[in-house]
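First up is the structure itself, then whatever we jot down about it.
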């Protein structure tokens, strides 16, 4: 049995779909887990506003959920948006968040979520997709280097925000 076969077996149980209004409870559960993973706590109105934006067709912020088809559980999400840039004529897609539950990691869920975002970016006519990750998140970077390339850029943020 090759190293890829266990991932493939589990991968067949994963379905990724765009977030719908009925997914709010499942998404909220993952959103709280994600905050714990990121060692942060956000006010409840951030979750409420973010989810409302996902389902508002006038807002260019989308979410996708990964589900285990055997259990029906939501096991991961990706959030993405497109925006103008001075580097391309067409807009680009920024994957704002990517999260997979601890029990579902290294089973192909992250890859399926990224592939979903890539597919949606292609549909939008904005195939350039980028994201950032924590420098110490080596497990995720093992996947990222298979589906994208690492740049030499360093991210800076305004003080206090």
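Each residue's number is its place along the chain shown, starting with 1.
Backbone N, Cα and C atoms are what each Cβ position is placed from, and that goes for glycine too.
Source: prediction; values computed, not measured.
Residues or ranges marked as N-acetylserine by Swiss-Prot on the basis of a large-scale study or a structure entry: 2.
Among the features that Swiss-Prot reports, domain 'N-acetyltransferase' is placed at 14-161, with the record citing sequence analysis.
Summarising the annotation, Swiss-Prot assigns acetyl-CoA binding site to 98, 99, 100, 101, 102, 103, 104, 105, 106, 107, 108, 109, 110, 111. Non-local contacts of residue 104 (acetyl-CoA binding site) by the CB criterion (under 8 A, 6+ apart in sequence, same chain) comprise 66, 68, 75, 76.
When secondary structure is read from DSSP and collapsed to three states, residue 144 (site 'Important for catalytic activity') falls in the helix class. Listed in sequence order, 133, 150 are the same-chain residues six or more apart from residue 144 (site 'Important for catalytic activity') with CB atoms under 8 A from its CB. Residues annotated as site 'Important for catalytic activity' in Swiss-Prot, with similarity to another entry given as evidence: 144.
Residues in the domain 'N-acetyltransferase' (14-161) partition by DSSP class (helix H, G, I; strand E, B; coil) as 58 helix, 34 strand, 56 coil.
A count of other CB atoms within 10 A of each Cβ picks out 100 as the most crowded of the binding-site residues 100, 106.
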